[in-house]
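Q: Feature list, courtesy of TrEMBL:
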type	residues	note
TRANSMEM	6-26	transmembrane segment
TRANSMEM	47-68	transmembrane segment
TRANSMEM	74-91	transmembrane segment
TRANSMEM	98-120	transmembrane segment
TRANSMEM	140-173	transmembrane segment
TRANSMEM	194-214	transmembrane segment
TRANSMEM	226-248	transmembrane segment
Amino acid sequence: MNWLESIGRVVIHGLSQMGSATLLVWQTIKQLKMINLWHVFQQMAHLGVDSLPIISLTLLFAGAVMTLQITDVLITYGAQSTVGGLMAVAMGRELGPILVGVVLAGRVGAAITAEIGTMKVTEQIDALRVMAVDPVGYLVVPRVVACIIMVPILAFYGVVIGIAGGYFVATAIKGLAPSTYLDSIQMFSTISDFTLGLLKSSVFGAVIALVGAYKGMETKMGAEAVGFSTTSSVVTSIILVFVLNYILSTLLY
């Protein structure tokens with residue numbers, strides 16, 4: 001019977017977490033009408049602008065190494081005129097949103113969980129409730145809205161940087177004519193390749209912020225609990241980014 005009890009505990013714990021997460025999402029939606037724009041702008045600067053350096057490096061080298069691998073193969077089959085288009089489509093649809101989502105899950109998701117988790121451990125969230133301030137409206141909503149706005153912007157920026165990295169490798173290292181690379185982008189990519197990728201990024205941003213906030217709000221007492229919640233937040237967010245990417249790609253393309 002011990003194994004049945006173990007299964008039961010896991011199921012009950014999972015259902016409890018799903019219920020708590022759903023309740024947080026609902027409370028966040030209800031609080032959107034009382035949003036504090038100043039707090040949103042602060043979070044946009046903190047969570048978004050400060051992420052530019054790491055996104056620049058990640059996408060630049062991702063675009064460069066992808067071009068490095070595919071250019072020789074395409075040249076072998078006489079398809080060098082498709083290098084730029086392939087890079088643009090891959091970056092706009094998949095690589096840009098996914099890589100930015102993963103990077104921000106590690107940086108932004110962890111930061112949100114650590115901040116809110118520390119406030120939970122030091123009883124600052126209880127103090128907000130005593131002062132009749134809703135923690136969800138004060139802490140969660142500005143971060144969620146900021147991520148929904150900033151993640152697509154960062155994803156678009158990352159896509160441009162990735163394509164630029166591919167351009168450098170294709171022209172400076174592989175000897176492809178600049179006009180061939182640029183004409184290929186115009187020929188094979190469409191606006192929808194980028195807009196749908198940005199739509200996916202908005203979903204990723206909302207999920208990263210909500211998971212980070214949920215893990216922070218559910219942090220137990222103790223310093224170790226903050227570290228555990230932060231790790232759990234990053235892992236959960238990255239998994240959800242990949243799962244949602246598959247679902248959204250199936251529905252959108």
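Note that Cβ sites are derived from N, Cα and C of the backbone, with glycine treated the same way.
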Q: Can the transmembrane segment (74-91) be said to touch the transmembrane segment (98-120) if we require at least 3 CB pairs below 8 Å and skip pairs under 6 apart in sequence?
A: no
Q: Against which stretches of its own chain does the transmembrane segment (226-248) lie, if we need a Cβ under 8 Å and a gap of at least six residues from its ends?
A: 94, 97-98, 101-102, 105-106, 109-110, 112-114, 117-118, 121, 199-200, 203-204, 207-208, 211-212, 215-216, 218-220
Q: With Cβ-Cβ distances below 8 Å as the criterion, list the same-chain residues six or more beyond the ends of the transmembrane segment (194-214) that contact it, or say none.
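A: Tertiary neighbours of the transmembrane segment (194-214) are 20-21, 24-25, 28, 92-94, 96-97, 100-101, 104-105, 108-113, 116, 139-140, 143-144, 146-152, 154-156, 159, 233, 236-237, 240-241, 244-245, 248-249, 252-253.
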Q: Below 8 angstroms Cβ to Cβ, which residues of this chain, lying six or more residues outside the transmembrane segment (47-68), approach it?
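A: Sequence-remote neighbours of the transmembrane segment (47-68) are 83, 87, 90-91, 95-96, 99-100, 103-104, 107-108, 111-112, 143, 146-147, 149-151, 153-154, 157-159, 161-170, 173-174.
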